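Below is one structure, written out as structure tokens, with a few remarks after it.
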Amino acid sequence: MQTPDRSLDQMRDTAPLVQNITNFVAMNVMANAMLAAGASPAMVHAREEAAEFAGLAIALTVNIGTLSPDWAGAMTDAAAAANDHGKPWVLDPVAVGATTYRQTVAAQLLALNPTVIRGNASEIIALAGKDASGKGVDAGDAVSVATDAAAVLARRTGGVVAVTGQTDLVTDGTRFAEVQNGHPLMPRVTALGCSLTGIVGAFVAGQDPFEATVAALAFYGLAGERAANGAKGPGSFQVAFLDALYTLDGHDLARGARIVLS
Ligand SMILES: Nc1ncnc2c1ncn2[C@@H]1O[C@H](COP(=O)(O)OP(=O)(O)O)[C@@H](O)[C@H]1O
Ligand SMILES: Cc1ncsc1CCOP(=O)(O)O
Ligand SMILES: [Mg+2]
């Protein structure tokens, strides 16, 4: 398995162009997080150009946080184009369990076999068609409760599923990894899950999806730990978090990643 520090270095060496079709809340937060980490984000969602841009970008991320019909069409077009071009793409099924419309669009996206699905436990459980306890965009279920749903989705899509929360879980249906990095201030700042999806997109570009996803989660969680050191609350944490994504290097990650494989 490639070590997470090598994955980080490879991502930074290539500074991949990642197309993101994300939500209105996340757009700025996510672009800044991706830039700080060393990637090159582009938020491109018009249906007239989304698929064409997917051919230019190295990877695509799709997030259903503030969904509307026009955007949903751009999402399926871009994901299909990414598949046609052999580019990896990452699905963030924000609040999928909340409404029938989200479930319908998420099912269309799932049928396009995302390379990686990244969501909180309630989203992963709902996406697998089971009863979840999500509260809008926030999780109401523990990550451990989503293990079976994650494995089912991974086998169904042939991709990787990452369930995030207090301790993260990554699986490709066969391999499982627990990523123990992170800090409780992270879910107190909006769009940090969405931003992580963008970071995963940057790591999977040209890398093994399972290894790259594990590395991205460890890197992100460790940046959260570093940022929390000295933060007074969500406001100062958010600023320090951007700095930590920028300053954290391969040596820090090799020392600080807490990953358990099974
Ligand atoms: N209670 C927690 N303790 C430590 N890290 C957390 C906690 N909750 C979430 N995180 C971290 O926050 C990041 C975003 O995950 P999450 O909050 O699950 O996403 P979302 O915002 O989509 O619900 C991940 O890196 C995750 O590990
Ligand atoms: C608050 C909100 N409402 C619709 S999308 C969104 C952002 C959700 O971000 P995250 O899933 O990263 O917490
Ligand atoms: Mg989310």
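Including glycine, each Cβ sits where the backbone N, Cα and C put it.
These come from TrEMBL:
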- M43, A191: substrate binding site (BINDING)
- R118, T164: ATP binding site (BINDING)
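Sequence features, as recorded in TrEMBL, placed on the structure.
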residue : record                 : Cβ neighbours (10 Å)
M43     : substrate binding site : 16
R118    : ATP binding site       : 31
T164    : ATP binding site       : 29
A191    : substrate binding site : 25
Cα distance (Å, whole number) from R118 (ATP binding site) to A191 (substrate binding site): 13
Between M43 (substrate binding site) and R118 (ATP binding site), the C-alpha gap once rounded to whole angstrom: 18
DSSP-derived class (H/G/I helix, E/B strand, else coil) of R118 (ATP binding site): strand
Entries of M43, R118, T164, A191 (binding-site residues) sitting next to ligand 1, with Cβ under 6 Å as the cut-off: T164
Cβ under 6 Å from ligand 2: qualifying binding-site residues of M43, R118, T164, A191: A191
DSSP three-state assignment (helix, strand or coil) for T164 (ATP binding site): strand
